[in-house]
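Chemist: Below are the structure tokens for one structure; questions will follow.
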Amino acid sequence: MGSHEQTADVTGQRFAALALAALGVVYGDIGTSPLYAVKEVFAGNHPIPVTMLNIYGSLSLIFWALVIVVSVKYVTFIMRADNRGEGGIMALIALALHTVHDKPQHAKWIMIVGVLGAAMFYGDGMVTPAMSVLSAVEGLEVATPALKPFVIPLTMVVLFILFFVQRSGTATVGAFFGPVMLVWFSALALLGVHNIVDHPAILMALNPAYGIEFLLENKAHSLVAMGNVVLAVTGAEALYADMGHFGRKPISRAWFAFVLPALVLNYFGQGALILGDPEAAKNPFFLSAPDWALYPLVGLATLATVIASQAVISGAFSVTRQAMQLGFVPRMEVQYTSDREQGQIYLPAVNWGLMVAVMILVLGFRSSNNLAAAYGIAVTGDMVITSILATVVVAKVWKWGWFKAGLLFACFLSVELVFLAANILKIPDGGWFPLVAGMGVFVLMTTWKRGRQLLSDRLRGERLELSMFLDSLASSMPTRVAGTAVFLNADPKGVPHALLHNLMHNKVLHERVVLLSVQFFDVPYVPDIDLVEVRQLKENFWSVVIQYGFKDIPNVPEALALCADAGLAFSSLETSYFIGRETLIPRLGSEMAFWREKIFVAMFRNAGSATAFFKIPSNRVVELGTQVVL
């Protein structure tokens, strides 16, 4: 009995720790939305009049958006669509693709829609840090208007420090994220209660009738307001994306028990404040605090927005690595910043690229009011794409059938498409930025995928069949030298070009030759028992296939060590790795547009080396080049 209670207690402690950690990572973005959501409705670039109906109506819409989009869609349904415990757009693409493996045309469209969703994520990832940190630092203007000239420089400094420390990893400071966000959400709730007490009638806005009346009364202008209401649910996709780190239950319990109540109390508190003092609409979040709490609140808000930005940056690293292993982006340098957590990674190219984009946004838009126009369209586009992919998964994987699945997600899409339409109106004011950025990423990802496919087809067309090559060795065996040669081989049925070049120029073969193929599958992880497949061929040739999931960390020497059980042992001092390196030449009239060929060639030229990506010892590598005309 005592042992059972102790186990339950440990389990409870573990669950509480996961829920606290989820507060710091999952809820940073949506948790900082109170800084600007209500303000943008009444004091943004397209404000609505401060009337009782508009206050009640906008709060009602915010509340029901949180319920329908976050509580029902994401927590109740989407988070159940996991790929072996993992969530996020890449996991959803993989699940949807499983349903159409025998229909290439359907798979193509699922791939296009999914990649578009991933590209929109990058557009959102550029705007979120700029919008969040700038909104927090703007609190200084409320405290002391004389500090207004320092808002932009201070925002730039905070953002630079944020991106600069990424290479050190978040393992140390990450331990503080949860407690800081616990204080933040507690502060949100207390500020809300403080103002609701003065005008408790504001709670009547929980009635959806006020939201409907607001839409009917404001007619076309209500669509503009909906573009600002959606700011309250930005960050909802993080619940699904980070599910693999914390699990569905800790994330959902934290939402219903703590995050949702704190957000609702704060939004309604801001509404109560504006109800009593319409002038407070210019910045209701900071004006809802007592004077003595203003500077501490600015400091806490800045910390919270840095944490929210950190989650987006880490998400960009994670999505990029997954996209890399699924073949949508070229290999690039990946640094692992924690010995214990393989999810904690750092990609220098992504980090500095994001930083430049964020700095340009801050300098270009110069205020959170202006940035709000750029915020939302990428998020709502991502939500719509998630609903489309989830419909496929629910219909085919969960076996609900198209009618029931379509009916369910039609309800969500009816809300999300209104949000998307509202944000399309923002395109001239700044919504073009995440769209252009997202479409740019989409073009790069699809160009890389298509280019790799064309290159593979070209090399396959020139290949020598492995069986024919091995048969020819029996009649004309070249000189064999001591040691083991490992040739990376994209096509297990063909002879690697590097092997043919080595044989042509050096006239020798190693005593033992290993043809190594590395394959990536649309599952998060591959267990060790399935990691390697070993086959012995003729003439002391061996075929080894290493299989990774899209979240695995490729390490060829470690994987090859598992081959010993199949009779293929490796000595690091006697093993050489031969890698082919192609020089690409674009040409007019190929299957891909010439301008895309040029982009692909540039990406290919700047891609990271296979040596670093697969953790192969550089002092044991021989690279052999060849020219390929696309």
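From the backbone N, Cα and C atoms, a Cβ is placed for every residue, glycine too.
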Chemist: Out of 196-216, 427-447, 553-573, which range is noted as transmembrane segment by Swiss-Prot?
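Modeler: Among 196-216, 427-447, 553-573, the range Swiss-Prot annotates as transmembrane segment is 427-447.
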Chemist: Of the stretches 15-35, 59-79, 173-193, 255-275, 297-317, which racks up the most C-beta pairs under 8 Å with the transmembrane segment (374-394)?
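Modeler: Per the Cβ under 8 Å count, 59-79.
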Chemist: So which of 15-35, 145-165, 223-243, 297-317, 427-447 has the most C-beta pairs under 8 Å when paired with the transmembrane segment (109-129)?
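Modeler: So the stretch in question is 427-447.
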Chemist: Could you tell me what the rest of the chain brings near the transmembrane segment (59-79), counting residues at least six beyond its ends with Cβ under 8 Å?
Modeler: 30, 37-38, 87, 202, 205-211, 214-215, 225-226, 229-230, 232-233, 236-237, 239-240, 243, 248, 251-252, 255-256, 260, 263-264, 267-268, 271, 383, 386-387, 390, 394, 408, 411-412, 415-416, 419
Chemist: Give the nonlocal contacts of the transmembrane segment (427-447) in its own chain as ranges (CB under 8 Å, at least six residues past its ends).
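Modeler: Apart from its flanks, the transmembrane segment (427-447) reaches 45, 112, 115-116, 118-120, 122-124, 126-127, 323, 328-329, 357, 361, 365, 370-371, 373-378, 381, 592, 596, 599-600, 603.
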